Amino acid sequence: MQKNNLNFDKQHIWHPYASMIQPTPCILVKSAKGIILKLHNGKKLIDGMSSWWSTIHGYNHPRLNNALKNQINKMSHVMFGGITHYPAISLCKKLIEITPNSLTRIFLSDSGSVSIEIAIKMILQYWQSLGKNKVIFLTIKKSYHGDTFAAMSVCDPKNSFHQFYHNFLPINIFADNPKCSFDGLWNKKDIISFKKLIQKHKDVVAAVILEPIVQSVGGMKFYHPNYLKQVRFLCDLYKIPLILDEIATGFGRTGKFFAFEHSNIVPDVLCIGKAITGGTITLSATLTTDKIANVISNSASGCLMHGPTFMGNPLACAAAYENILILQENKWKIQVKNIETCLRTYLFPLKTHYEVYDVRVLGAIGVVECYHYINISMMQNYFVKNNVWIRPFRKLIYLVPAYIIDNASLKKLINVISNALNYENFFMK
């Protein structure tokens, strides 16, 4: 039965970034609890990925489950056009409470990429409403903002997953990505490329969009907080809105509730997702200011031209509200600090390994960057055989575990990574 189902999956189901001819092997998960994935064959894996940054409290958290159960008995979904409900109202009150005071208007949607689409449409409508032809977005190389169309246009056109669509995407502007590391020395030369481009194109740039502090899929790099401060200063100088993509970093992952807090700045538009529901169900939000919302609302259209079918889904809103209540108990601060300490203690020594180019740690993120591209199938199989779930990509082996992970489990993940580095055939040389 298990083999038949896996064969069906292999032949018919298209997984993320996977070939249908030679797909990376999938494992069959039966259930998940805490930091453990239980497979149908009885094997248990320690999860080091928190399902792509999302399940920050672990799987099957009783409070999140209860929030979903209580809501599903009332209504699982209702359209959001002309209708509202308490789960959405309660969640949005919380979002306004935990974000900067200037972010007062919230557009709910169903995935991180869509929240970026909405942010881009929001800004385009803003300038159109003011009668200005500003349609270009400025960002930095090695950026990643999602896989939908407008989101792809602000991802690095040469070093992202989206170079195949280059001829079809809107053409935006990319400054050099910052080189000064998060905890390194600041060099004001780091901002020169960005400064030149924003000065040159200030009359056509609609907005700047960045991942604050952490460039995720673009290489898992952590850049200096002063870079973001300088970007904010230049945006203010030229009256250009700043969009910050906190989809991966929001809700405590970097040691701050939002990564932009490391730089003590505030965006004009904020995109959040992934961990917003504790990884239970998909949801995202795009937050903006009174100024931007009022300009759009007073325009000829009178509204933001977007409306997803599952916008404001009550189940997702209920889970997100409970997730924020859990976070507001502030255990996450101690948990993330403990993870960071453990990663620095046990992951940093891998810097001396001959296969390792660099090791980076920030909050509950640990990254081993190798010299060579990784054979993902072989290394992934090795991880599963050794009872851990880690999903490498390109030259990177990284950990973004649930905040509840214990030191012993985290050490186990690191130890398996350390051993995997010794297998020459895991690397494409």
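Here the Cβ of each residue, glycine as well, is placed from N, Cα and C on the backbone.
Following the DSSP three-state reduction, the secondary structure of Y144 (substrate binding site) is coil. Summarising the annotation, Swiss-Prot assigns substrate binding site to W52, Y144, K274, G307, R391.
Around G112 (pyridoxal 5'-phosphate binding site), taking its Cβ as the centre, 30 other Cβ atoms fall within 10 Å, counting all chains. What Swiss-Prot records for G112, S113, D245, P308, T309 is pyridoxal 5'-phosphate binding site.
Taken from Swiss-Prot, the feature N6-(pyridoxal phosphate)lysine applies to K274, supported by sequence analysis. Under the three-state DSSP scheme, K274 (substrate binding site) falls in the helix class.
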Original post:
Using a Cβ-Cβ cut-off under 8 angstroms and a sequence gap of six or more, which residues of the chain neighbour K274 (substrate binding site)?
Top reply: W52, W53, S54, G112, I247, A248, G250, F251
Subject >> Nearest of the binding-site residues (Y144, G307, R391) to D245 (pyridoxal 5'-phosphate binding site) - Cα to Cα >> reply: Y144
**OP:** Select one residue from W52, Y144: among these binding-site residues, choose the one with the most other Cβ atoms within 10 Å of its Cβ.
**Re:** Y144
**OP:** For D245 (pyridoxal 5'-phosphate binding site), list the number of other Cβ atoms lying within 10 Å of its Cβ atom.
**Re:** 31
